[in-house]
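**Student:** Have a look at this one.
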Amino acid sequence: MNKKISILGKTYQFNSLKEIMAKANEEKSGDQLAKIAANDVSERIAAKYLLSETRLCDMRENPLLSPEEDEVTKLIESDLDESEYNKIKNWTLSELREYLLSREVDGETMLKVGRGLTSEMIAGVTKLMTNLDLIQAASKIRVITTCNASMGQNGVLAGRAQPNHPSDSLQGIRASLYEALSYGIGDAVIGINPVIDTSSSVKEILLMTKEVMNTWNIPTQNCVLAHVTTQMKAIQQGAPADLIFQSLAGTEKANDAFGINIELLDEANELIYKEGTATGPNRWYFETGQGSELSSESHHDIDQVTLEARCYGLARHYKPFMVNTVVGFIGPEYLYDSKQVTRAGLEDHFMAKLHGLPMGVDVCYTNHMKADQNDMDNLAVLLASAGVNFLIGVPMADDCMLNYQSTSYHDIATLRELLHLSPAPAFERWLEDIGLMENGKLTKRAGDPTFFLSQRGVH
Amino acid sequence: MIELTDNKLALEQLIQSTPARIGVGCSGTRPKTEIMLKLRMDHAMAVDSVYGDIPKAFFEEFHFPIVQTPCQSKEMYLKRPDLGRKLTSEGESFIREHCKKKPQVQIVISNGLSSKAIESNIRDVYPALLDSLESYGLSSGTTFYVQNGRVACMDVIGEILEPDVLVMLIGERPGLVSADSMSAYMCYKPRIGTIESNRNVISNIHRGGTQPIEAGAQIGAVLRAMLDQKTSGTRLVI
Amino acid sequence: MHETNEWITSLGIDLGTSTTKFIVSRLQISKVSSAFSLPSYKITKRLCTYKSQIYSTPLIDDETIDYTNIAKILEREYEEAGITLDDVHTGAVIITGETANKKNARIAVNQLAERAGDFVVATAGAELESLLAGKGSGAQDFSIQTPNQVVANIDIGGGTANTAFFLNGECIGTATLRIGGRLIRLNPAGFVKGMADSFKPWLEENGFLVKKGDQISFERIKQITDEMAKNLIGYLAQSSNDEHTQLLYIDPMPQSLPTVHTWMFSGGVGELMKNSERMTLEEGTRYGDIGPFLATSLNQLMKRSSFNVLSPKQTVRATVIGAGTQTTEISGSTVFIQNGNFPIRNVPVEKVHIQNEELESDQLDHIFSETIKKGLSLHSMGLDPAFALYLSGIDYCSYEKLKKIVNILENIYSQYLPNQKNIVIICQNDMAKALGHALSIRLNGKVNCLICIDQINIQHGDYIDIGQPLPSSIIPIIVKTLVFTSDA
């Protein structure tokens, strides 16, 4: 493969595919911190030129991290659909981009092609795409998954209810959950990030959320986002969990820093299918986010977009019900400002969809990042247009436990109205049944959490 | 316009049960003006706390010597955490020359991600910490301030001054509830290469969280435990 | 994060009007803070692990408790439960209903407490009894699960009906009426074997002219218990409250009652309500009293009125389980202890309520010295500590305020209690450790023992027992609240 290019009288020489991949990235403070980013804008575009000429088989033959030294690479390799791969292995990334964007290629076809692509190829083509490319290509793909209820259908925008509380007060979580439900949010999952990472505390929260679901017959799923081992212990102690959760990273070493490996995930996988309370086939909830590998110094000098793609390669092995990138959570040293967060959100969504994943995005930022709520409004609209499976719902976008800002219950309700999207079908029927929605619109009773106090459930 | 419930008491109880911004109502699907502006104001406070500086009056009150890291601007500080873990060479020589060597307890203060955290909490935490050190019979070295420091600059300081234990009082990333929350990171014999799990931390120190005077008293107890057990981090039994 | 759990053993003993029960429970104390904050602990489980059989309360005569026999019962029960006194960390002996009026009640209960283990307290009082029964029956837990709805637990034993009202897990009031299953004693043929003197005025006013030795019919008994049920529920549901009902009042009654959404009945009569069906006179008098009749009357009334009645988790043992599992609280974990000799029992508490405005002014000095002077006038000077000071109302304690408080404390203790060797200070807010350090530096060895603990809610007039600190340095505390409705 070619590592040298002359454009407009200037010659750009790169040493490896790894370097080209990194320098072809749009500007990210994380790549700069890792000292692998392009030195200037023209070097970035030169790298993109070279990358566009790279063939898929070149990428497969030159893995950025060898399967011998990394179990994530090994898993991605062994999960690859060889027959799909063989059909396209001589394509360049440029050809792949144009194929994915062509009108004749529909979502189904893209998903089929995606099975023949490694995560690095998907990351590569992403680097050649503009923001609108990413939106256009992703919008064609529908990934429908089922836990207790299904989501991902065309025209559906689901929302995770994230009713966190700074001390895991069950009453407080419940109150915030009522608020979410009253805005029609909670169809993706009722998912709580606990402060206290103990199995007994996790179990209590699972029991409480299950009780609300049962009292009101809510077609959704519950999850408490503790460390996977804590959830496993809780489930073994009889806690009712529909989904099991874990944060993923894109290298074995970074997963090690998270206290997980594939063996542990396999064990959790077996447990959730045996003892989980869900009725449907998809039982996992994964979270990812650009930059986590660098933060644990286990990035092997690979850029953060490629590493993020590798998370999706790992995730798709477990046929999850939902995946989301917590795109702006990590901080300005990885994504400095709203421009970088916007780009990352669109990249992650597209890459995950091409991996065949039911992708949602936590459109978010921290207070030390150059971004504000207006930037989140913008990105949420872009992602909803791109067909994102779900967004995160937090009261007024302010998570009082994790101390960051995401999208609000109001925001998801607004996006649905604005872009003519609906809650997940079963959830929408439920909202209509209890009188919070009528003809696809929220009713006057919506937005009032005491709605769930005034009546004792429906049976 | 969605009118909030007639059941005011019940709503009030739900609101009281969580600091989350619930029961806020809406106009169409959008939040009411006042609650929207409240969110923007809280964010503004947080941003101003990241980018703001500690007023001069603070240093006139406490007389802490000021030492710099290579992060000369906030942007550099935010983008280059690695540089916040070092001191400038002037800074290194300053502490080498002016600070007590091998103290039992070294106290370091840094603005970190929130200048307001230092401005609002040191006045309470610091004297309570000194009381607890006295009450436990511990002595401390020369307290100084690091502008734009990260937690791990404890290691560089440890290398130079060789304290038995070091506590760093540093501004946390501001949240919307509190833009002035401070953390205390503590370590037994910090040196370059100390891993994170060897540090102990008390976080969320501010008026509405961990009470500042009580945090000061507890820091003394943790430091004493470190000295007794000659270890810190996950192995420390408190 | 690893899970930090400690278990402590707590006893409960209930000496009731007609029956005596004993339980052993285990309280789980768990760390509920993250690794990054100050340690904080909560009692997360209160499990009853042993229940005794139900004994008739041993009496020597109508007026005297048979302490020797109770002690024998307990000895047997300890063995049966597989515990020794050394295993017991905490607990409560409660003397309920009419038993509390026996002439040797106080002595008996104190002796029992001494014998029951190192840190078991003796206590009594209708409010506390109502509260404990409501906790033990499960009414409190149920009120947490049904937000914003008042749950009333009525514990009906031999002599009294103790009601506690819960809202969102908090007890918002209690009321006790003289309604019980043993107020009239009968033999199987319907002959009256005895009546509580205190109940006679009500019977007479209602035209039930019965006296010892009379034979009364099934219908007549039923009329009496129907009227009792009507008075009790009418009062609690605020649908009727005539002068007849006032004859059933025991203590000053609360000025207003909340509107009840769910009712629970515990106690012996609550147990009978579980299966009160049609019965004969003989069946109705099988316990030698009117209990089964009262249960039937209550069931019929509740059904007729379409009230929402829920079965409690515990009936007969609600109070004893409440006493055993629910009386102990724990302090905050950042406390200051210098030479404490635990347990410290029956420390009266004097409350200093500090408004923030006052803190800024010189009046603070005055408030403290007034409290101390009052304490000195009320409590025996032979005790050391004479009383504990309870600092409440401080919104935020800055170091500057702390310094002021420390100055004043040093002054008043040296001025008014110069010979006091033990100082106990309890803070409502999380500030005890800082206060302890600052004060100990100032006192500089002038006292033997300085204890500062925090995050306990105490009312004026309470007594506390302070237990042996647990390894995590939290301290079990029993607050003996005598009146908690008025001031709360």
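Just so it is clear, glycine is given a Cβ too, placed from its N, Cα and C backbone atoms.
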**Student:** Starting from the substrate binding annotation in TrEMBL that includes A:Arg160, A:Ala161, A:Gln162, A:Asn193, A:Glu287, which of A:Asp106, A:Asp348, A:Asp362 is the extra site residue?
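**Tutor:** Within the candidate list, TrEMBL flags A:Asp362.
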**Student:** Select the most exposed residue of A:Ala161, A:Met401, where exposure means the fewest other Cβ atoms within 10 Å, treating these as the binding-site residues.
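**Tutor:** A:Met401, out of the binding-site residues A:Ala161, A:Met401, has the fewest neighbouring Cβ atoms within 10 Å.
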**Student:** Please classify the secondary structure at A:Gln162 (substrate binding site) using three-state DSSP.
**Tutor:** coil
**Student:** Around the C-beta of A:Gln246 (adenosylcob(III)alamin binding site), how many further C-beta atoms are within 10 angstroms, looking at every protein chain?
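**Tutor:** A 10 Å sphere around the Cβ of A:Gln246 (adenosylcob(III)alamin binding site) contains 24 other Cβ atoms.
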**Student:** Taking A:Gln162, A:Glu287, A:Ser295 as the binding-site residues to compare, which has the smallest set of other Cβ atoms within 10 Å?
**Tutor:** A:Ser295
**Student:** Which of the three DSSP-derived classes (helix, strand, coil) applies to A:Ser295 (adenosylcob(III)alamin binding site)?
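**Tutor:** The residue in question, A:Ser295 (adenosylcob(III)alamin binding site), is helix (DSSP, three-state).
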**Student:** A:Asp362 (substrate binding site) has how many other Cβ neighbours within 10 Å of its own Cβ?
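**Tutor:** Here the count is 24.
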**Student:** Taking the Cβ of A:Arg160 (substrate binding site) as the centre, how many other Cβ atoms fall within a 10 Å radius?
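**Tutor:** Taking every protein chain into account, the count is 28.
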**Student:** Quick check for you: of the binding-site residues A:Gln246, A:Ser295, A:Met401, which have their Cα within 10 Å of the Cα of A:Glu287 (substrate binding site)?
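**Tutor:** A:Gln246, listed in sequence order.
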**Student:** Over all pairs within A:Arg160, A:Ala161, A:Gln162, A:Asn193, A:Glu287, A:Asp362, the annotated substrate binders, what is the largest Cα to Cα distance, rounded to whole Å?
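**Tutor:** Value for the max Cα separation, rounded to a whole number: 15 Å.
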